[in-house]
Amino acid sequence: MTLERTTPVAHLASRIPPSFTLGVAAAAFQIEGALADGGRGPSGWDAFVEKPGAIEAGASPAVACDHYNRLPEDVALLQDLGVDSYRFSLSWPRIQPDGRGPVNQAGLDFYDRLIDSLLAAGITPMATLYHWDTPLPLEHRGGWLNRETAKRFGDYAYAAGARFGDRVSQWVTLNEPLSVAFNGYAFGVHAPGRALLFDALPAIHHQLLAHGLGVQALRAASVVGGIGLTNFHAPIEPASNTRRDRLVAHVYDLAMNRMYADPVLLGRYPRLPLWAQPWLRAKARITDADLQTIHQPLDFYGLNYYFPVKVAMGRGQELRRTDPHHAMSRLPFRTVDYPELARTGFGWPVAPDHLGTVLGQLRDRYGAALPPVYITEGGASFPEPDSVSAPLRDAERQQYLADHLGSALAAVAPGGVAEGVDLRGYYVWTLMDNFEWAAGYTQRFGLVHVDFATQARTPKQSYYWFRDLIRSREP
Ligand code: BGC
């Protein structure tokens, strides 16, 4: 098939170092469906989607991409794409329905089949233990506000490690603790729908504790693969050079970036200003032993980058509920647009250079404490039809991916803004259109179009572009 291309593949391919990983990423709850099949228990998200108005157009994740029943077809798509690696998540409530106690054999068997078919297709499995689907019984006991959840996570990590540890190449403990703490507990736009603002801060500590206990459990299970975690990072800019805006940018940077990376990589929390009183109270219960647990040696650091953030002092206007910054409208500061930049379907500014900025910040902040880095997610949604009869001409997505990968490679190259960072790979978010959390099915991020009425999968042009890129690399 001859396809229109907007980006010269050969040039980009020639800049990709040998042994650099090209992959795609996905998450269980967004694709699997089959929420009541095979002994899976409910998650906090299963309950949250029932809340009126929680999900755009009242969309249901019950079927999603029906990946649970279409595993062979989806692995064939991955194989044809030719990715080196596939990052997927294990559903905690599919493996351990109550979040404690016995494991569910059918759930384990499903992931056995996934891992074995990936390996048979020559694709390296990267498994995320937690991509936001907390077992509902744990959510009922406070979820991440309850320290006990961290211990339960350690047990689950051990069970997963014991079963899959001989075949998984890389383990990600948690995906974006920031998003769970902010969207789920501070602002209530994601499960479990709590709007606690600063009282949500213990949810950060308990997730990080879970990360540390998870690393220890995986090591105790003697997994052969590397272990890391994935954090969301965004460079934060003040809207102006005033002292007030710079102060807000500083605070926002602490809350969005450093609260998750500092304890994991340096073994301490950043010093927070007085606005964080509830955190300071919670902090009284944080022990040195906790920080030691959180500060585990890691084999890699996962970075999810989507957009930069600009902030100003003063309340913003009420934003759309599915807007990731909706919650900020209740705070005395606001995010500000980048009028000069293009936007994705979600309205996110397209800023590939800022990916280099983030990598440079990680190097400057963590130096030798920063392990090798994988960009574990990057991608964009654009308005696309519900059904198609031919590959979608998604030139914007190709450009987005080419520019972001190119920017990351330039940043870590000699003389680049992040020279010295050991960047090992880039995972596109995502293989196929899926259940985009509170946005339901309205935001399509996939390289493969999914018609949710028929479950037909139709690769987009970006899929063929990425396949060409993968094939065009130096052997
Ligand atoms: C999450 C994905 C999500 C993507 C796009 C990331 O922060 O890890 O689950 O689909 O953003 O919103």
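Placement of Cβ uses the backbone N, Cα and C atoms for every residue, glycine included.
Because TrEMBL annotations are produced automatically, they should be read as predictions rather than curated entries.
According to TrEMBL, the feature active site, proton donor maps to Glu176. Under the three-state DSSP scheme, Glu176 (active site, proton donor) falls in the coil class.
Marked as active site, nucleophile by TrEMBL: Glu377. For Glu377 (active site, nucleophile), the count of additional Cβ atoms within 10 Å of its Cβ stands at 25 [all protein chains shown]. Under the DSSP three-state reduction, Glu377 (active site, nucleophile) is assigned to strand.
Positions annotated as substrate binding site by TrEMBL: Gln30, His131, Asn175, Tyr306, Trp429, Glu436, Trp437. DSSP assigns Trp429 (substrate binding site) to a strand. Using a 10 Å radius centred on the Cβ of Trp429 (substrate binding site) and all shown protein chains, the other Cβ atoms total 23.
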Between Glu436 (substrate binding site) and Glu377 (active site, nucleophile), what C-alpha distance do you get in Å?
14
If you count the C-beta atoms lying within 10 Å of each candidate's C-beta, which of the recorded positions Glu176, Glu436 ends up with the smallest number?
Glu436
Round to the nearest Å and give the CA-to-CA distance linking Glu377 (active site, nucleophile) with Tyr306 (substrate binding site).
8
Count the other Cβ atoms sitting within 10 Å of the Cβ of Gln30 (substrate binding site), across every protein chain shown.
24
Compute the C-alpha separation of His131 (substrate binding site) from Glu176 (active site, proton donor), stating it in Å without decimals.
8
